[in-house]
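**Q** Among the features that TrEMBL reports, domain 'L-asparaginase N-terminal' is placed at 3-192. The active site, O-isoaspartyl threonine intermediate annotation in TrEMBL covers THR12. According to TrEMBL, the feature active site maps to THR12, THR88. The substrate binding site annotation in TrEMBL covers SER55, THR88, ASP89. Here TrEMBL flags 206-321 as domain 'Asparaginase/glutaminase C-terminal'.
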Amino acid sequence: MKRIMIIHTGGTISMKEDKATGEVNTDGRHPLQELNDMLGNVAEIEDEVLFYIPSPHMTPIHMLQLGRRIHEKLASKNIDGIVVTHGTDTLEETAYFLDLFLQTRRPVVMTGAMRSSNEIGADGLYNLLTAIRVATCDEAQDKGVLVVMNDEIHTAKNVTKTSTSNVATFQSPQYGPIGITTKRDVFFHHKLSRRDSYPIQQISKNVALVKAYAGMDGSMFDALRETNIDGLVIEALGQGNLPPATVDSIKKLLAMNIPIVLVSRCYQGIVQDTYAYEGGGRKLREAGIIFANGLTGPKARIKLMVALEMTNNPTELAPMFDY
Ligand code: ASP
C-alpha cells in the first residue's frame, strides 16, 4: 500500500459550524484527524497539523515553511505522495508557490472544502479522500502540484477559485481540468505543459498588485513610489493596455528600477503587445514592462516574488514570464 503524508494548514475544511449562531470557526481540534481510520484502506496515512489558520491569514512565509516541510518529509521518509489541506480563499496562491518551489517528481495534491465539517453536504472529507486517491496514483507523478476538489484535478498554474460559495468553485478557465475522478478511478486526460522551478532560500520581496479600470489615473502608482515595493504586477485591460493617464506615473516606477509585470484582468487569454496607441501594449512593452503569459494577477505576484529572489534585472526576469 502507498504511504501518503497529509499536512493540514487550516481553512473551512478544518472548521465547524456553530449550530446556534451559524458562525464557522476552528474549535481547537482538527475534525479530519479523527477520520484517519476511515481513510486507512486507501493508503497508509501519516498526518500532522502544520498550521491551523484560515487561508486569508496565509502569507508567503507560511508558504515557504510549508514547502520546506514537504521537502523534509519527502527526504526523510518513505513517503509516496503528499496531500495538503488548505483554506480555499488563497489555495491557488499556495499551490502555485509550491509548484514553483518544490523539486520532486512525487505527487503533491492540495484540497479544501467549501462547507465546514459538520454542515449538511460537507465536502471536506470527500475531497480529502479523493485527493489521497490521486496522490496514490502513478500517473499523478511529474505533474507538479495538483488541486483536487469536487471530482476534478487541476494544475496549480491554471486553477482559480471562481465562486464564493459553490462546491464547484475551482476551475481552470480556458484549459479545463487536467483530469477527473470517479468513485472507482482517476483519469488524466491532458498533458502538463512545461513547468519551471526555482530553489529559493527565502521569500522576502514586497510585490504589489494593482487592477486597472476605465478612467484610471496615476495616483495609485504615485502612492506606490512612497512605499518600499520591490516589484509590481498590474492587471491591465484586455490584451494588455492601460488608460493613458497612468503611463507617466508607471514610467517613474520603472525609472526607480522596480520591475513591473503585466497580466490581463480578463479571466481568459494572454497579454500581447498589440496596440500602439498611448497606453497600448506596444508602448508599455517599449517602456520596459514585462508581459506574463497567461497567469492571473495573484499568481504573477507569487512568481515575481520568487523570481526577485534571484534577480531584479528585467532582461533576466522577462523570459521567466514567457510560460
Ligand atoms: N475563508 C476560508 C479560508 O480560505 C474559505 C475556505 O476554506 O473554503 O480559509
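Every residue, even glycine, has its Cβ placed from backbone N, Cα and C.
Could you tell me the structural context for the features on the list?
**A** As a whole-number mean, the pLDDT of the domain 'L-asparaginase N-terminal' (3-192) in this prediction is 93.
Under a cutoff of 8 A between CB atoms, and with a sequence separation of 6+ in the same chain, the neighbours of THR12 (active site, O-isoaspartyl threonine intermediate) are VAL24, PRO54, GLY87, THR88, GLY112, ALA113, MET114, ARG115, SER116, GLY124.
Every protein chain shown contributes to the tally, and the Cβ of SER55 (substrate binding site) ends up with 22 other Cβ atoms within 10 Å. For the recorded site, SER55 (substrate binding site), the DSSP three-state label reads helix.
Residue density at THR88 (substrate binding site): 24 other Cβ atoms are found within 10 A of its Cβ, drawing on all protein chains shown.
Under DSSP, the residues of the domain 'Asparaginase/glutaminase C-terminal' (206-321) split into helix, strand and coil as follows: 45 helix, 20 strand, 51 coil.
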**Q** Among all protein chains shown, how many Cβ atoms are found within 10 Å of the Cβ of ASP89 (substrate binding site), not counting that one?
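**A** ASP89 (substrate binding site): 17 neighbouring Cβ atoms within 10 Å.
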**Q** Other than SER55, THR88, ASP89, which residues of the chain come within 8 Å of the substrate site, judged by Cβ distance to the Cβ centroid of those residues?
**A** GLY11, THR12, PRO54, PRO56, MET58, HIS86, GLY87, THR90, LEU91, GLY112, LYS161
